[in-house]
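First comes the structure, then the notes that go with it.
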Amino acid sequence: MAVDGESVSMPMAVSACVGMALFYVLILYAPTVILRLPSASSYLEFMIRRFICAAVSTLASLVFTAFVLPIKSWEASVYGIRTDHLWQGVIYPLLLTSLIYAGSLVSKLLLLLESWKETGGGCSSFNNIISFVQTIPSSVVTGASNVSVWRNFIVAPVTEELVFRACMIPLLLCAGFKIYSAIFLCPILFSLAHLNHFREMYIRHNRSYLRASLIVGLQLGYTVIFGAYASFLFIRTGHLSAPLFAHIFCNYMGLPVLYARGKGLVSLAFLGGVVGFVSLLFPLTKPLMYNDRTDDCPCWFGYCLWN
């Protein structure tokens, strides 16, 4: 990959990141505000419009970043899109992320055991398991036709990781920002992109500013924490797959379960998971586990700087 001698200036990098974040949100309102299209006649049509808008803003961010970064050739690896070390980029970050949800997983397991006891165990429970397995194909088909599933597990994770990790982090690193500065700057922009949820919450909760503010505030806090973690994964591994699959997993699991009434094992599992997560955070994200080498790399590959 050929590299120009000039780098991106810090003001330009920050301005570009802010611009991409705003564009990602504002374009969602383009169909009705700019194109003057009539309001969507159904939820499906509404979401399809949003999917198209998100795709357009993501493509624009990718093209813009390719022009701004000091490179002469366009390669997918610039954005962390790589096929080498792919299974490491998926499995290890997923295992690491699952530790935060140890309480949630134990809670689900306890519910499953309670259900097993209620059915009397033995052959009856085995038959229930067989029935559950048989429903998986139809559940997959149902999920594939559910627009909310596409939003939560495909469109939102893919577009958000491409814009807020694959585009923004290379710009910040190439501009000379320290790694931890980039890790905590991107999540702030990432959380601002979720402010558009306020209107939805405001309407859903009987137009209560207080209740909508509390819910959105909690969501913003969570997205800042997750955004920092996703940025960490992207910079440490150089793989977009690392934060992408962690993002999908977190969307599926929701907020981690900290405790359950009358079930101290859940709290114990959560605390154990947190300890395990902190202990394995750096060992499971060693750059050499995801890359053949960590020297002589362009300025936007953070794992080189980290080493």
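Just so you know, glycine gets a Cβ as well, placed from its N, Cα and C.
Over in TrEMBL, the protein carries these features:
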DOMAIN    148-253  domain 'CAAX prenyl protease 2/Lysostaphin resistance protein A-like'
TRANSMEM  12-30  transmembrane segment
TRANSMEM  51-71  transmembrane segment
TRANSMEM  91-113  transmembrane segment
TRANSMEM  125-150  transmembrane segment
TRANSMEM  162-193  transmembrane segment
TRANSMEM  214-234  transmembrane segment
TRANSMEM  240-258  transmembrane segment
TRANSMEM  265-284  transmembrane segment
- Message: Counting by DSSP secondary structure, give me helix, strand and coil numbers for the domain 'CAAX prenyl protease 2/Lysostaphin resistance protein A-like' (148-253).
- Response: 91 helix, 0 strand, 15 coil
- Message: Pairs of Cβ atoms less than 8 Å apart decide it: which stretch in 91-113, 162-193, 214-234, 240-258, 265-284 has the most with the transmembrane segment (12-30)?
- Response: 162-193
- Item | Cβ-Cβ under 8 Å with the transmembrane segment (240-258): same-chain residues at least 6 beyond its ends | 79-82, 86, 89-90, 92-94, 96-98, 100-101, 103-104, 107, 152-153, 156-158, 160-162, 165-166, 222, 226, 229-231, 233-234, 266-267, 270, 285, 290
- Chain residues in Cβ proximity to the transmembrane segment (265-284) (below 8 Å; excluding those fewer than six residues from its ends, i.e. six or more beyond): 92-93, 95-96, 98-103, 105-107, 110, 256-259
- Task: Let me know the model's mean pLDDT on the domain 'CAAX prenyl protease 2/Lysostaphin resistance protein A-like' (148-253).
- Result: 86
